[in-house]
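Below is one structure, written out as structure tokens; the observations come after it.
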């Protein structure tokens with residue numbers, strides 16, 4: 001009846017497997033009588049059912065029957081007597097104990113093994129490199145040889161026991177085949193996780209080192225694995241350090257706009273650096289122009305707003321915008337200036353060196369700075385174009401660029417060509433020479449260049465002076481303006497304005513004073529003439545050089561000479577009638593004769609004005 005219920009639950013798909021298993025179990029009795037073949041049949045039975053989760057135990061420790069197995073047999077054999085059931089549990093040689101993984105269907109098997117084959121234990125290993133060496137042994141079913149001496153059971157009891165065993169095996173097959181696919185997928189998933197796990201290789205190494213469970217690897221393979229691990233660790237560390245450095249550089253560039261990561265400018269050529277610098281300078285000029293345009297537009301907008309609102313009304317609104325935009329433009333300017341400085345350093349123009357030179361060097365001029373820059377550019381050109389001096393031409397003296405720099409300094413300080421210690425140090429640094437070489441060059445230059453030039457200049461000056469002495473007619477003999485403007489207290493004008501100041505002088509002294517005061521010798525004519533030569537009274541006449549056409553004398557000023565009694569040279573107004581100062585007016589017209597008294601009043605002041 002239980003067998004009919006079992007077949008009611010199974011489908012047509014498992015009928016073939018059931019027939020095969022029935023045939024195998026029916027041949028079980030034959031294998032018991034032939035002990036040499038029972039091992040082969042046992043492998044066939046439990047090899048086909050190894051995936052069903054069956055565990056078969058042949059240990060000698062299980063001589064005592066399990067109570068669950070006895071209860072199960074008691075449930076299926078209720079019609080049998082107590083004596084028959086006990087005889088089945090104790091004396092049956094073909095019964096088997098079958099224990100499922102889930103402990104659902106326990107059964108009894110023979111608890112004795114053949115004496116000629118010892119039992120083997122269970123060996124586990126996590127190694128995946130050499131699975132054949134893992135000593136995991138499958139359980140085998142080895143029924144005990146029938147002891148024909150003490151066996152007295154009948155055929156019916158054996159047939160019932162065989163049917164019972166067959167029924168349990170088929171039920172186990174049907175139960176585990178339904179879940180076969182799910183278990184297979186779950187097993188593959190866990191196998192993939194174990195294979196790809198990073199703990200697999202350390203576990204294998206530990207097992208091979210301490211347990212030696214079938215993992216046989218050569219020392220070379222172990223060393224290769226360790227070397228690969230070290231390389232991976234180094235690569236990971238390098239990646240971490242580079243990642244952290246990139247993050248730090250990004251933070252620094254975000255905080256400060258002027259600081260930036262300088263590109264490898266040394267790999268660029270000289271012409272590319274020049275183009276880069278020119279482009280950056282043009283961008284800086286464009287930035288300044290746009291910033292000025294923005295400020296102009298803001299000023300216009302603020303003026304329009306203030307015209308509508310009032311003075312100071314736009315400052316509240318434009319201050320924030322102006323501050324933000326000025327910050328933006330300043331950041332851009334700092335970035336461009338940083339790029340220009342980096343490019344200039346790549347070109348060899350070191351601003352720090354130039355600044356130190358400008359502070360220390362007292363005689364440096366813009367011309368020398370330009371010369372230094374030109375020499376640096378020429379040097380870079382030579383380095384790029386590989387234009388070197390010919391090896392077969394020996395170098396005589398100092399290098400040409402050094403001599404050019406020293407000569408330029410000499411001409412800049414021509415009046416005092418004696419460099420100080422600081423100047424020598426700077427020139428030695430610029431030219432690449434030593435201080436002794438710079439000093440020796442200046443000593444030789446002062447003798448060979450500077451001294452001949454000074455002597456030539458002195459010779460030219462002396463030659464011009466000799467030409468002036470030998471040819472006086474070629475020289476302009478006009479008096480100097482200072483000599484004409486000079487006014488002394490002993491001059492004629494002072495005597496006329498102050499007639500009593502010089503009353504005590506004699507005639508000789510008066511005559512010499514007049515001659516010394518009015519020096520008209522430069523005009524080429526005799527300025528002072530005595531009236532005694534042309535007139536009976538001997539008056540003094542002063543000819544001013546205004547000649548008439550007929551060759552006679554011009555305008556003359558007649559002064560009465562001093563009397564023998566020591567009288568005065570000039571008389572007062574009360575004595576004018578006795579000895580007046582007479583003016584000859586040979587060149588005066590009739591109209592001018594009428595104005596003669598006014599001229600008499602003016603006296604010598606007119607003469608001073610004419611002069």
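Every residue, even glycine, has its Cβ placed from backbone N, Cα and C.
Sequence annotations record features per position, and here Swiss-Prot assigns region 'Disordered' to 63-87 (among others).
The region 'Disordered' annotation in Swiss-Prot covers 101-133 (among others).
As annotated by Swiss-Prot, compositional bias 'Low complexity' applies to 118-133 (among others).
The region 'Disordered' annotation in Swiss-Prot covers 141-160 (among others).
Feature annotation from Swiss-Prot assigns region 'Disordered' to 174-195 (among others).
Sequence annotations record features per position, and here Swiss-Prot assigns compositional bias 'Low complexity' to 174-183 (among others).
For 197-213, the entry in Swiss-Prot reads region 'SR/KY domain'.
According to Swiss-Prot, the region 'Disordered' annotation covers 225-263 (among others).
For 234-251, the entry in Swiss-Prot reads compositional bias 'Basic and acidic residues'.
According to Swiss-Prot, the region 'BELL domain' annotation covers 269-340.
Under DSSP, the residues of the motif 'Bipartite nuclear localization' (275-290) split into helix, strand and coil as follows: 16 helix, 0 strand, 0 coil. Annotated motif 'Bipartite nuclear localization' per Swiss-Prot: 275-290, in sequence order.
If you look up Swiss-Prot, you'll see 391-453 marked as DNA-binding region, on the strength of sequence analysis.
Mean pLDDT of the predicted structure over the region 'BELL domain' (269-340): 85.
Helix, strand and coil counts under DSSP for the DNA-binding region (391-453) come to 43 helix, 0 strand, 20 coil.
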